[in-house]
Amino acid sequence: MGYIQKTKNVLKCVLLLPVVLCIVYFTGPSVRLMIGLLPMQRCTLGSAEMLILDNAADARLDLQSRPDVQTCTSWRAPIIWEGMFDPDLYDQIHRKQGSSVALTVFAIGRYLDAYLEAFLNSSEHHFMLGLPVSYYVFTDTPEKVKSIKLGPQRSLRVIQVQRHTRWQDISMMRMKTISDTIESDIRHHCTHVFCFDVDQVFTGRFGPEALGDSVAQLHAHYYRLPKKLFTYDRNPKSQAFIETGDFYYHAAVFGGSWKDVKALTEACYKSIMEDKQNNVEALWHDESHLNKYFWIHKPSRILSPEYCWDTSIRNRTDIRVFRLLWAPKHYNKLRT
């Protein structure tokens, strides 16, 4: 009996070996390549005129030009990809409408030295060119913000904020700071607001085609995954709890009209504070609360991962241009 059992065990190991080798092989870059082959849903609208339009230019979007990706949502909002739009048309319409954009970014602690200068300089070459842009840099060390050469109709304001001891609190508390600044300043000068993480670099056009009432960003690591694998907060005790959603959104980029961004940041801050009172912290902090908000209040416009891409994912045929790239992350040094 002992010999038979040993033989069975050896056979099991032999049979399992290919499975183990496959798991090892497909971990990392290989599995990311396979994820890129997973199909996305198709837009079911016959034409862009069936969209709930944010802007007159949206009626000219070519929803069928990208059969490899999803170009609209079930609630008739566009998902913006390269090849769908005429950039000159969006530039002309938004200039005619008098659109102007506030860009908010937080550079706290070592993040300022590591990322801020490259972020701002790259935005001068690629972000909303031709429109008035007001930068709002929030930092705990205003004296360390270097001056950059600004183009016409572009300005920069540095605002001192408190530095929290935990990076998680810095991330979550930015919601209140943005809301307060919209109320006190931004709403008097700008029609739209875009909020960015600082550890990114603009590398291509990030233009008025991205402007809308409520703008969400598809997370580069999740946009082709099944919904069951989305990392929503599934703790019922948290205000960020959701069982399922539409997409998984990245908190590194979000925006919209100043009214909509103010509503979003106020709601997220309120939920964060309720969690704190109940000794709860959402899985991915402000990003979890942002995903909950967009589940309830559907965004009117979604940006494809071109607008916030991570090159560690390697090549994807659906990503034709890089508009904003993740900078190298050194969390072990920056968050200590």
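Just so you know, glycine gets a Cβ as well, placed from its N, Cα and C.
Database features, via TrEMBL:
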| type | residues | note |
| --- | --- | --- |
| BINDING | Phe106, Ala107, Ile108, Tyr111, Asp197, Val198, Asp199 | UDP-N-acetyl-alpha-D-galactosamine binding site |
| BINDING | Asp197, Asp199 | Mn(2+) binding site |
| ACT_SITE | Glu287 | active site, nucleophile |
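Sitting within 8 Å of the Cβ centre of Phe106, Ala107, Ile108, Tyr111, Asp197, Val198, Asp199, and not among those site residues for UDP-N-acetyl-alpha-D-galactosamine, are the Cβ atoms of Val105, Leu112, Tyr115, Leu116. If you draw a 10 Å sphere around the CB of Tyr111 (UDP-N-acetyl-alpha-D-galactosamine binding site), it holds 21 other CB atoms from the protein chains shown. Cβ neighbours within 10 Å of Asp199 (UDP-N-acetyl-alpha-D-galactosamine binding site), excluding its own Cβ and spanning all shown chains: 21. Comparing the binding-site residues Ala107, Ile108, Val198 by how many other C-beta atoms lie within 10 angstroms of each C-beta, the top residue is Ala107. Looking at Ile108 (UDP-N-acetyl-alpha-D-galactosamine binding site) and Glu287 (active site, nucleophile), their Cα atoms lie 18 Å from each other. Using a 10 Å radius centred on the Cβ of Phe106 (UDP-N-acetyl-alpha-D-galactosamine binding site) and all shown protein chains, the other Cβ atoms total 24. Comparing Cβ neighbour counts within 10 Å across the recorded positions Asp197, Glu287, the minimum falls on Asp197. The two recorded residues, Asp197 (UDP-N-acetyl-alpha-D-galactosamine binding site) and Glu287 (active site, nucleophile), show a Cα separation of 12 Å.
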